[in-house]
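Please read the structure below before turning to the comments.
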Amino acid sequence: MIDITLPLTDIHRHLDGNIRAQTILDLGRQFNIALPAQTLETLIPHVQVTSTEPDLVSFLTKLDWGVKVLASLDACRRVAFENIEDAARNGLHYVELRFSPGYMAMAHQLPIAGVVEAVIDGVRDGCNTFGVEARLIGIMSRTFGEAACLQELDALLAHRENITALDLAGDELGFPGSLFLSHFNRARDAGWHITVHAGEAAGPESIWQAIRELGAERIGHGVKAVEDRALMDFLVQQRIGIESCLTSNIQTSTIASLADHPLKTFLEHGVLASLNTDDPAVQGVDIIHEYHVAAPAAGLSREQIRQAQINGLEIAFLSDGEKRALREKVAAA
């Protein structure tokens, strides 16, 4: 189902949600951190979703073991590098990796700005080694409150030239976007793009707020947009993209089944919706699974899957020239 003549992208992919189980074992042993299991096979149920979680917050706890072993900046650098290696193995030409530096720093009180620098270094080394093109999106973890998000923002702004966009993720119901207006004002002043997790746990009003108050150019997940036709019309008119993550939305119980997922409706309506993974290691999936298994199960035709692939590059945070160069590079391969 993947069109090999077109660039393959993943623009909603959490770096800190893609820490390999083997790396968790390795770092746990290196830093003498007690883990819930000592073999890869027995660790998997603790760090990977093996059945549907009751809600988004429960799903997010599966990420915790990955960051609990980040006891040094070198460990952060390693997982960033491995994220690019994984992207290359998946056949991705372009990836946007988003990460929450405060979340990654929390367990071992690492300097947040140091985490940002380590991630930048690891991604740069990975791109040079594996030939994947990547951009970084900084996340503010809303779950930890406004002050913690301000610390994350300050650390990200210290390396603003290496960060492409700002995102807001976490407990959407408990921490609405209205709490973070000044944070996003600073991000826009820095020249960053804006994407926001919205319409995943909360309703269409959360998406409207992300667009009107935070300046979102893209929406992460955005499944509840299907409940508001005027909103879908607005997304089309303003070319605001939806970063769809099919398997993730089932595992978080955001959507009951793939057959119920609104991605097909979005594409039929002309919304610039794309296919993405979200947290590949935690979910036990890759981008190939999303195209070959999840998308057909969600009712997408071959042409709709191809359109979602086209949309992935269309709404990527790249200049028109960079998009054209990537298309030409893939076409010539």
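Any Cβ shown, glycine's included, is placed from N, Cα and C.
Look at Swiss-Prot and you will find GLU200 tagged as active site, proton donor, backed by sequence analysis. DSSP assigns GLU200 (active site, proton donor) to coil in the three-state reduction, placing it in neither a helix nor a strand. Here the Cβ of GLU200 (active site, proton donor) has 23 other Cβ atoms within 10 Å, regardless of which shown protein chain they belong to.
Cβ-based neighbour count (10 Å, all protein chains) for HIS12 (Zn(2+) binding site) stands at 30. In the three-state DSSP classification, HIS12 (Zn(2+) binding site) falls within a strand. The Zn(2+) binding site annotation in Swiss-Prot covers HIS12, HIS14, HIS197, ASP278.
What Swiss-Prot lists as substrate binding site is HIS14, ASP16, GLY170, ASP279.
Residues annotated as site 'Important for catalytic activity' in Swiss-Prot, with sequence analysis given as evidence: HIS221. Contacts of HIS221 (site 'Important for catalytic activity') defined by a Cβ separation under 8 A and a same-chain sequence distance of 6+ are given as HIS12, HIS197, ALA198, GLY199, GLU200, ILE242, GLU243, SER244, CYS245, SER248, ASN249, THR254, in order along the sequence.
Taking CA atoms as the reference points, HIS14 (Zn(2+) binding site) and ASP279 (substrate binding site) are 5 Å apart. Of all Cα pairs drawn from HIS14, ASP16, GLY170, ASP279, which the record names as binding substrate, the longest spans 13 Å.
Within 10 Å of the C-beta of ASP279 (substrate binding site) there are 28 other C-beta atoms, taking all protein chains into account.
Residues HIS14, ASP16, GLY170, ASP279 make up the record's substrate site, and a Cβ search at 8 Å around their centroid adds LEU15, GLY17, LEU60, LEU63, ARG98, PHE99, SER100, TYR103, ILE139, ALA169, ASP278, VAL282 from the same chain. Listed in sequence order, the residues ARG13, GLY17, ARG98, ALA169, GLY220, HIS221, GLU243, CYS245, SER248, ASN276, ASP279 complete the 8 Å Cβ shell around the Zn(2+) site centroid, once HIS12, HIS14, HIS197, ASP278 themselves are left out.
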